[in-house]
Structures are given as C-alpha cells and as structure tokens.
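Peer 1: Please read through the structure below; I'll follow up with questions.
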C-alpha cells in the first residue's frame with residue numbers, strides 16, 4: 001500500500017476558510033443557519049467553520065453533532081449519540097463532513113436530521129469530494145475535489161482526533 005499526503009495543514013486551513021466564505025456569500029440570513037457536523041471528523045470541521053464565521057462576521061452560529069450510525073442501511077446500532085441543542089425546524093441546516101464518496105453517509109445524516117425537525121433547507125459542505133456516487137447527492141461547498149480510483153482511499157486526519165491536520169490518499173494495489 002502506498003500513502004501520499006495530498007493536503008497539508010496549511011492547505012486544509014485554506015480550504016476551510018474558503019468554505020466559510022462561500023457559506024457567508026450564499027446565505028443572506030446567516031442568523032437562520034445551523035451547522036450540523038457528522039461524527040466524528042465532520043464535527044471538528046463544523047467547529048472550525050463556526051470559529052471562522054465568528055472571526056469574520058461576529059456570529060455564534062449554533063452547532064449540532066449528528067450520529068448517522070443508527071440511520072445507516074449497512075449497520076445495526078441501537079444507541080444514537082446525536083447532540084442537537086437547537087430546534088432545526090425552519091432553519092437552514094448545513095451538514096458538514098470530511099469526505100463525500102458514495103453519498104450513503106449523507107443520506108443517513110439527512111434521515112437523522114428530518115427525524116429531529118423540518119429544516120427550511122439542507123445543504124452540504126465537505127472537505128473532500130472524491131466522486132464515485134451511488135446516490136444522487138452533491139456537495140454545495142467543497143474544500144477540495146480529489147478524483148480517486150476504486151482501489152484508492154482518502155484518509156482525513158484532524159488534530160483534535162489524530163494529532164495533525166492532513167489528507168492522504170492510500171493506494172491498496
């Protein structure tokens with residue numbers, strides 16, 4: 001297996017800043033926006049976007065943590081550790097995740113989200129879009145488009161979990 005770093009910590013920070021600026025530009029009513037990070041790394045990315053929004057606009061947007069495991073079609077998990085302290089009904093919810101691949105994680109996140117309330121709008125922000133969709137899902141905000149083959153894997157590391165920020169591609173051939 002070959003591993004190659006394709007995004008370093010500086011590039012990751014720039015991608016998160018770019019996503020944040022796009023969120024500001026596309027959302028006229030930022031006070032109606034709720035950020036929802038998909039566990040695990042999506043939560044930390046959501047917190048970073050929340051921090052940048054505070055720095056740039058002086059806003060403290062609410063943030064929630066979505067646990068998609070109970071909503072996946074390939075797992076059987078009873079415990080749901082979702083933490084959503086704000087009512088999302090009528091809100092513009094931005095789902096945030098590290099990698100968009102087949103779309104199945106996002107489908108599960110949307111299922112979880114609508115079980116909590118009825119948002120006015122749901123959009124998607126991802127650090128990396130690697131292609132290979134199995135469901136008709138696309139990201140509204142993308143940090144990096146990194147096309148991959150079926151034998152490659154994208155690994156996102158964040159300092160809060162992994163001790164460093166980077167994105168690597170692993171070739172399993």
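Cβ coordinates come from backbone N, Cα and C, glycine included.
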Peer 1: According to Swiss-Prot, 40, 41, 97, 98, 99, 100, 101, 102, 103, 104, 105 bind substrate; identify which of 14, 18, 121, 130 is listed for that same site.
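Peer 2: Between 14, 18, 121, 130, Swiss-Prot records just one in the substrate site with 40, 41, 97, 98, 99, 100, 101, 102, 103, 104, 105, namely 130.
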Peer 1: According to Swiss-Prot, which stretch among 80-92, 93-105, 106-118, 132-144 corresponds to the feature motif 'PRPP-binding'?
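Peer 2: Swiss-Prot lists motif 'PRPP-binding' for residues 93-105.
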Peer 1: State, in Å as a whole number, the widest CA to CA span among the substrate-binding residues 40, 41, 97, 98, 99, 100, 101, 102, 103, 104, 105, 130 given in the record.
Peer 2: 18
Peer 1: Could you tally the C-beta atoms, other than its own, that fall within 10 angstroms of the C-beta of residue 103 (substrate binding site)?
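Peer 2: Its Cβ shell of radius 10 Å holds 17 other Cβ atoms.
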Peer 1: Inside 10 Å of the Cβ of residue 105 (substrate binding site), count up the other Cβ atoms and send me the figure.
Peer 2: 24
